[in-house]
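Note sheet for the following structure.
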Amino acid sequence: MFNLLPQQKYNKFQLLINQINHFHKIISVYSDHDLKLQTQKMQKLLMQGFTLDEILPEAFGTAKEAIKRALGIELFNVQILGGIVLHKGKIAEMKTGEGKTLVAILPSYLNTLNGKGVSIITVNDYLAKRDAELVRKVFQYINIDVGLIQQSMNIEERKMQYRCNITYITNNELGFDYLRDNMAINQSDLVQKEFHFAIVDEVDSILIDEARTPLIISGPSEEKTNKYYISQEIVTKITKNIHYDVDEKTRNVILTEDGIKVCEQLLKTRNLYDINNPWIQYILSALKAKELFYKNIHYIIKNEEIVIVDEFTGRIMEGRRWSDGLHQAIEAKENKKIQPENLTLASITYQNLFLLYKKLSGMTGTAKTEETELDRIYQLEVEEIPTNKICLRQDFPDFVYKNEYSKWKAIANECLDMYKIGRPVLIGTTNVEKSEFLAGILNELKIPFNLLNAKPENIAREAEIITQAGRKGTITISTNMAGRGTDIILGGNPHAMTKIIIINYMKKVLKISSLLCSNSASTNKKINLLLQELNYKFIKTITSLETIEQYIEDEINSINLKNNDMYTNIQKVYLQILHEYKHICSKEKTEILKLGGLHVIGTERHESRRIDYQLKGRAGRQGDPGSSRFFLSLEDNLLRIFGGDKISKLMKVLSIDNDTPIESTILTKSLDSAQKKIESYFYDIRKQLFEYDEVINNQRQAIYSERKRILQSNFTRDCIIEYGESTIDEILTTYNQQANYKKAIISKITHLLNLAENIEIDTIINKYNKEQIACFLYEQLRITYDLRESYLEQLRPGLMRQLEKYYLLQQIDKAWQKHLEKMTLLKESIGWRSYGQQDPLVEYKNEGFQLFITMVTYIRQTVVYLTMRSRLIINTVNQDR
Ligand code: ADP
């Protein structure tokens, strides 16, 4: 049915779109030079007081023309609409292949005109690079610089990239840079700018799927790892349903009374829960590792290390670790080296990271199902953007089989049928194991295929495989969403194919040249290295024609094989092949269109409907024909765990044989409701994570802003004096008691602040009231401080400032780390405690606040204590005081 809503929205903005196109028409006759001047012109308008909204039509019109000149592409009206929605700080839901990369250019151009930076967030380094390179060509026409941050970059490089008008970066790098900036000791180490405006690509993947795992920077602690191995051994000796129960729904394990006893016996301990020698956490983690976390599903082993595979995205999460000892338990299970327990030095959830932006927007093909969450947590509204051409994809009803075996058999048959007629097929599987299982079946049937899953050897070819997935007779098995961001083009991508040829060509040319030029071993070695790298480069990045030309030229220069003829030759060959392939691909496309376009096969309903939609969305791009069908079985996890008895009864009643699929509304409804149940279950988890992190987030903001103030200050004296005065005030609040007590308080202050020893406490107590004492102590604080400063300055000018900064930052960091640890413990213990009517979150907030106050007081006191006692040690013998 035709969806009216998006069309209405479209109409709402029609006037604005007309204005943009009107400006575009005017600008389209400008010379390149005049087009460049547009940026200056609009910056001036902003300075004169015009608002971004007021200059939007002209800015968008300008960007549209730049896109046309740089890429020869004329934006569709729906893309302009997408750009408007992004500028308004909302999520633009645009289907795959609608050209989101180019859409982002419009709002990022407009929003950087006021001199502030715009971040474009992507899910991986490859996409960041690919997109940055593409848009850079566009922005060259309008004098805007585009930065790109890659994982391998150092501080200096990062700084430069952040300084650009628009910066492409992954969510991971953005988060870690934020945490690192807030741990920096020198101002010159800060890399990030103000969080002004961000456009998040694949926004659901980043803000929903990844939001379950916080980003953590950690340092090693000295925890013993032996307990993990022992627990691992113990859990192999105990039995499910006798010694422990597994709850698959909540992914939890509980020891039974019997289980506790057996474990205690095996461990020769009296109490598993003993605070001084706790075992329970280790045993539970080992049980979880045994029962709930499987190799090639939840994790893979890469270079002898356990690497998490994100269940939703199918991507590996390099460098991330499960918390609470689970990662170590899995390491023990797989008999790998156990990485030491990590101490959290800094952490943040994506929810709170992205909320740092003053304006946030996002784009994706699938956000509608998560609308509520996006709105509640991020205040992001989702706007559906109509497709440029009507979507012709046919989504066939699910086929449900009795058991998994019959299901896979049917899938393989479907592949075979499609392969025979040459129709390209994309098969989505939910995890690495299943993708390999299917690969095995296809191998037996002698059906050629490409396999794309989180295994490193496959990931390297991700983009290449996806670009070719639309070729005739190509069968692609992929774990969910792998290769997201790369469009499947029917008939194949001529640019990508030409690159394969050119690389091979390069290899030959270089080999011949090396023979002609020199026979020296070192040149050969260098050429071989170059070839390897070229190959790698190609595989990692499908670069633009210019980039590859540039690259080839650079490399030739660097190995002294400069040969103009050769370079021109390469260029010529490249263009010839491209021409040829364009022809081949377009012919192939016509054939495939006749066959019905890309056919997508789903092999299981995913835990979230969104992921299924993403898979289906691969077919039928830009008005192409296409189809999709899901093959399910009653043994699938979703049905087994969440489907309930209704379905198995139904199957029995229907007494259907194994190979006959059933299509039934009851089944479809049960499946839909099971998916919704799981979606809301995960939503609750993320909401809870968010609510708990919100408590820490407010504290983090306070600490980080204080830290930044100190880091950026050149005159920390005021800060120390302020800390000293606050310390005096805090301790004096308990004043007003009897004489002895008064005396103790004053001497505590004078000791802590190292105030002059000749203060006569008795006289003070008798002479002054509380306020006067405070004033007196403030005065003493200043005098003592000045004395210390002049003493240190005499020894080494500037020393006092350095010391102050050092103590301040060091103490804040130390205390914050300890505080994070305490907050984690608090959260855990509140979970265990039973509060009757009380809300654990409220308890957590209250106790967390107390802990925070204690930490702040502690920081002030120690900093002042240390500063007031600072001295210079020249060497161990000649100590100065
Ligand atoms: P999405 O991220 O929405 O799936 P991409 O940004 O990857 O889509 O773009 C898909 C393809 O469509 C790219 O090859 C791009 O060059 C092309 N494209 C984008 N916009 C247009 C347009 N207006 N006209 C023609 N091709 C376009």
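Each residue, glycine too, has its Cβ placed from N, Cα and C.
Residues or ranges marked as domain 'SecA family profile' by TrEMBL: 1-663.
When secondary structure is read from DSSP and collapsed to three states, Gln79 (ATP binding site) falls in the helix class. TrEMBL lists Gln79, Gly97, Glu98, Gly99, Lys100, Thr101, Asp487 with the feature ATP binding site.
Taken from TrEMBL, the feature domain 'Helicase ATP-binding' covers 81-239.
Cβ environment of Gly99 (ATP binding site): Ile73, Leu75, Phe76, Gln79 lie under 8 Å away, each six or more residues apart in the same chain. DSSP assigns Gly99 (ATP binding site) to coil in the three-state reduction, outside any helix or strand. Sequence-distant neighbours of Thr101 (ATP binding site) (same chain, six or more apart, CB under 8 Å from its CB) are Asp131, Leu134, Val135, Asp201, listed in sequence order. Cβ atoms within 8 Å of the centroid of the Cβ atoms of Gln79, Gly97, Glu98, Gly99, Lys100, Thr101, Asp487 (the ATP site) belong to the same-chain residues Met94, Thr96, Leu102, Val103, site residues excluded.
Local packing around the Cβ, expressed as the count of other Cβ atoms within 10 angstroms, is greatest for Glu98 among the binding-site residues Glu98, Asp487. Neighbour count (other Cβ atoms within 10 Å of the Cβ, all protein chains): 20 for Gly97 (ATP binding site). Site extent for ATP: among the recorded binding residues Gln79, Gly97, Glu98, Gly99, Lys100, Thr101, Asp487, the largest C-alpha separation is 16 Å.
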